[in-house]
């Protein structure tokens with residue numbers, strides 16, 4: 001039962017109605033018997049109005065998605081080192097009106113991969129795309145044994161700023177980061193030959209933006225024991241993953257990343273762990289973390 005003592009958490013984004021986050025977090029609150037509820041706030045308010053509302057309404061913590069992951073960065077009181085390097089936030093904790101923000105996307109991705117494929121090691125990784133989610137995955141990669149990342153980035157308005165941010169991540173972590181033009185198929189074929197993992201971090205393959213981010217003929221250059229991952233979780237099997245599976249590669253969709261980043265946000269707010277296996281089982285119809 002919701003009362004005046006119930007702590008409020010939520011997702012702030014637009015659009016947001018489709019989100020699985022309320023199910024995940026409310027399951028977590030039930031697990032630890034915490035008097036709290038997680039709601040969805042589909043908002044197009046200004047960033048300043050968002051931070052003001054969090055403080056004024058006493059919302060204990062929020063997740064952020066588009067369009068707020070970058071625009072709220074300068075408006076919070078504290079940033080974790082991860083958030084500073086990535087330049088984007090997905091989690092805010094409100095402690096008596098003081099907002100501390102972090103980014104759990106990258107660690108969420110690698111945690112999901114570890115759970116689904118515990119014996120695998122990833123020294124060299126190729127990533128398609130260099131948006132906020134990709135930067136988070138790259139920033140976290142070194143903590144999971146990755147030594148080199150090759151990023152394929154379109155030459156658009158964000159190119160220079162992304163290059164600068166990747167240089168900062170490399171300097172801070174020691175991770176070797178190579179950036180290539182997205183449409184350079186020779187460079188892509190070369191990178192794939194040495195990749196333990198190929199990741200799609202573009203929006204190509206989402207329900208609203210169907211397609212395949214990789215020319216099908218290039219997949220042959222990827223070693224047969226490599227893993228192919230997609231950050232997209234809707235649909236669960238993108239054209240990219242279907243192509244990889246047909247070529248007998250192990251695959252990983254973005255659902256695990258969604259669950260694990262949520263669990264890390266939950267811990268950031270509550271200092272309690274979320275049991276993720278029941279959530280995996282519910283959302284996959286009884287299957288495990290893979």
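Backbone N, Cα and C define each Cβ position, glycine as well.
If you look up Swiss-Prot, you'll see 69 marked as active site, proton acceptor, on the strength of sequence analysis. Summarising the annotation, Swiss-Prot assigns shikimate binding site to 19, 20, 21, 65, 90, 105, 233. Per Swiss-Prot, the feature NADP(+) binding site maps to 129, 130, 131, 132, 133, 231, 254; the stated evidence is sequence analysis.
Largest CA to CA distance in the NADP(+) binding set (129, 130, 131, 132, 133, 231, 254): 16 Å, whole number. When secondary structure is read from DSSP and collapsed to three states, residue 231 (NADP(+) binding site) falls in the coil class. Sequence-distant neighbours of residue 21 (shikimate binding site): residues of the same chain at least 6 apart with a C-beta under 8 Å from its C-beta are 11, 38, 40, 63, 258, 262. With 19, 20, 21, 65, 90, 105, 233 listed as the residues that bind shikimate, the site has a largest C-alpha separation of 17 Å. The shikimate site is defined by 19, 20, 21, 65, 90, 105, 233, and by the 8 Å test on Cβ atoms against their centroid, the other residues of the chain that qualify are 11, 63, 258, 261, 262. Taking the C-alpha atom of residue 231 (NADP(+) binding site) as reference, the shortest distance to any of the recorded positions 19, 20, 69, 105 belongs to 105. Residue 254 (NADP(+) binding site) falls within neither a helix nor a strand when secondary structure is assigned with DSSP, and so counts as coil. When the binding-site residues 129, 131, 132, 254 are compared by the number of other CB atoms within 10 angstroms of each CB, 131 has the fewest. It is 20, among the binding-site residues 20, 130, 133, 231, whose Cβ has the fewest other Cβ atoms within 10 Å in the structure shown.
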